[in-house]
Amino acid sequence: MGTSDVNANSSSSSLVKEFLHKCGGVAVIDGGFATELERHGADLNDPLWSAKCLLTDPHLVRAVHLDYLEAGADIILSSSYQATIQGFKAKGYSIEESESLLKRSVEIACEARDVYYNRCRESSADHSTDGKVLKQRPILVAASVGSYGAYLADGSEYSGEYGDAVDLNFLKDFHRRRVQLLADSGADLIAFETVPNKLEAQLLAPAQAFVELLKEEDIKTPAWLSFNSKDGVNVVSGDSLSECAAIGESCEKVLAVGINCTPPRFILDLILSIKQVTTKPILIYPNSGESYDGIRKEWVSNTGVTDEDFVPYVNKWCEAGASLVGGCCRTTPNTIRAIHKSLSGKRTV
């Protein structure tokens, strides 16, 4: 199910409702990307993080997308979370080259979807002997847009502390060209991820910067808005999650609102909080719950939940109202495969 399958005049809400109906009521989002790139041999010790592979190892990016599709993901996110024109320029690339790399991130995801569909056509069963999910089904490509803090690569997307010099107009100017390029890249939707504060969320609020940007650039691609929390109550900046989620509810271009890159133990209460302020589908893709050592720049072993422990959480989240579920940092294709398997018996198709 690419953009060509969606009526140009259909609303954001009808897009997601039709997609969820075809998925049987619940859709599976893919999982952590950087960890999988490293598992495939990539070196991500760089301010560009996973976006570095758009330059050095695009074949690995495609391979990770395929791993998640074959694990049962219905939505794959482009490797553009930390990809910005500003970031590429800092590495010595021209504006034209930087813009091309942004668009390439979505092209690679779409290519992976095409390869996957070919494999499905060549397969005689929904599952191969090695457990791969090979089933013709609607698949969406989401263009990932990380927060300003992700570009800074200083951990501020996990604090929301940008400093007094960063205001709404600054963020609007920072995001403008990237969003325009990704909206025109062939993606089915834009995924605004790991939004750490109310200020950046206001880029999506009526009469605020991002909606002005949508009008100015005639951007028609719908979006989802996903926040992160470290206490199970507020977003990481301390702003009210309810107020942030309400911003998404008020914007017709936003097709779903939710939480990502947050420990699983916090998710249930966050879903209940979001349900109070939105009628839109709720998306949930937490991290593994592991702790990150910012000084050593590595994950602390044995601090998260196993795939076996992750799945019981998923069932509770769906019962509470989540309809798009996946994983973020440190989750793997095995995590997504377990989610897919768990949800298969609950779907209506």
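Using N, Cα and C of the backbone, Cβ positions are placed for all residues, glycine too.
Keep in mind that this is a model prediction, so the values were computed, not measured.
Pulled from TrEMBL, these are the features on record:
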DOMAIN    15-343  domain 'Hcy-binding'
BINDING   C261, C328, C329  Zn(2+) binding site
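The Cβ centroid of C261, C328, C329 marks the Zn(2+) site; residues of that chain outside this set whose Cβ lies within 8 Å of it are G32, T194, N228, N260, T262, Y285, P286, N287, G327, R330, T331, given in sequence order. Over all protein chains present, the Cβ of C261 (Zn(2+) binding site) has 23 other Cβ atoms lying within 10 Å. When other Cβ atoms within 10 Å of the Cβ of C328 (Zn(2+) binding site) are tallied across all protein chains shown, the result is 25. The 10 Å shell around the Cβ of C329 (Zn(2+) binding site) contains 22 further Cβ atoms across the protein chains shown. Mean pLDDT for the domain 'Hcy-binding' (15-343) in the predicted structure: 87.
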